[in-house]
Amino acid sequence: MISVVSQWLPPFLLYCLVLFTRIHEIIRMLPCHTVGVRIALLLATPAAVVSPTLHCVPMSVWTLAVWSALNCCIYVGLPLWYSRGPWRQRLYMVIHLALIFLISYLLVLALNHVRGKLGYASLPPLMNQACGTVIEIGLIIVLCHATDRYALRIIPRAGNRSFDPFLFFSVLQSFMIGLAVLVISMRGITDPVFIACTFVCACACLLTDLVLGSIIWREHDMRAKQHEADAKQIILDSYVESTANLMQRAETMAKRRHDARNQLAVIQLLAQRGQTEQALRHVHQLREECTREMRQ
């Protein structure tokens, strides 16, 4: 019993190390509730048991189906369900990380098969898995940190409905690469050319995802700046129009004051000449005009 545990424990720890690295990157890029992390850690043991890497159970279609379902639950379902933010942003981040995880897994498979084809001396199974684990973890960390700047710019804008075509295109890419990995694991394909082509396609999908996302978010920023400039122009036009109206009213009032002063001078002149009735008539007219203007 002890020998079985000691034989099975190191590969399991190496598998869990890769899983912990993936979960760490998910939490770092997409904050999740602690319940999701706990469930993912609980699912790590059955995922390791049915994993084709450890060979703990005989491989069959049902075993691979369970392994695929557990991986989808750990890396897709739980982050989507227990994370915060708009679902489009969460979906894009999950797709982005899934592509990185698939690329790292494909690289390890490709290196193992290429080394076997070239006829190099095979390492012990545990040492072979340890080397693959180091390569996979290193590639995950490098790719995640190399694409952080682009992903963090795309994520806030991925919540817009205009991103839906790009988002569904990314989902299709990730699904096709995941399907290729499942076929490789299910059929036991050992052709390094096929695995290398799948790896190159996965890298191309990740690069396309980043390039298209960058183009779209730049276009969105340009549109946002244009809308902001248009809004400022509208506000400026309204200010200019209101200022022009005020100036026109001020000019009109100044002209009316000038006319009123002239009429007062005429009234004073009439009063000095003794033409009282005409002066009173002019006074009444002037008062009526002032009252009318004040009411306006």
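Quick reminder: no glycine exception, Cβ is built from N, Cα and C everywhere.
According to TrEMBL, the features are:
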TRANSMEM  6-23  transmembrane segment
TRANSMEM  35-55  transmembrane segment
TRANSMEM  61-82  transmembrane segment
TRANSMEM  94-114  transmembrane segment
TRANSMEM  126-146  transmembrane segment
TRANSMEM  166-187  transmembrane segment
TRANSMEM  193-217  transmembrane segment
Should anything in the same chain at least six residues away from the transmembrane segment (193-217) have a Cβ under 8 Å from its Cβ atoms, list it; otherwise answer none.
92, 95-96, 99-100, 102-103, 106-107, 109-110, 113-114, 143, 147, 150-151, 153-154, 157-158, 162-163, 166, 169-170, 173-174, 176-177, 180-181, 184
Any chance the transmembrane segment (126-146) and the transmembrane segment (6-23) are in contact, meaning at least three CB pairs closer than 8 A with a sequence separation of 6+?
yes
Within the same chain, the residues 6 or more beyond the ends of the transmembrane segment (166-187) and with Cβ under 8 Å of it are 52, 61, 64, 67-68, 88, 91-92, 95-96, 98-99, 102, 105-106, 109, 158, 194-195, 198, 201-202, 205, 208-209, 212-213, 216
In the same chain, which residue numbers or ranges, 6 or more beyond the ends of the transmembrane segment (61-82), come under 8 angstroms Cβ to Cβ?
19, 22-23, 26, 30, 32-33, 35-37, 39-40, 43-44, 46-47, 50-52, 90-91, 93-94, 97-98, 101, 182, 185-186
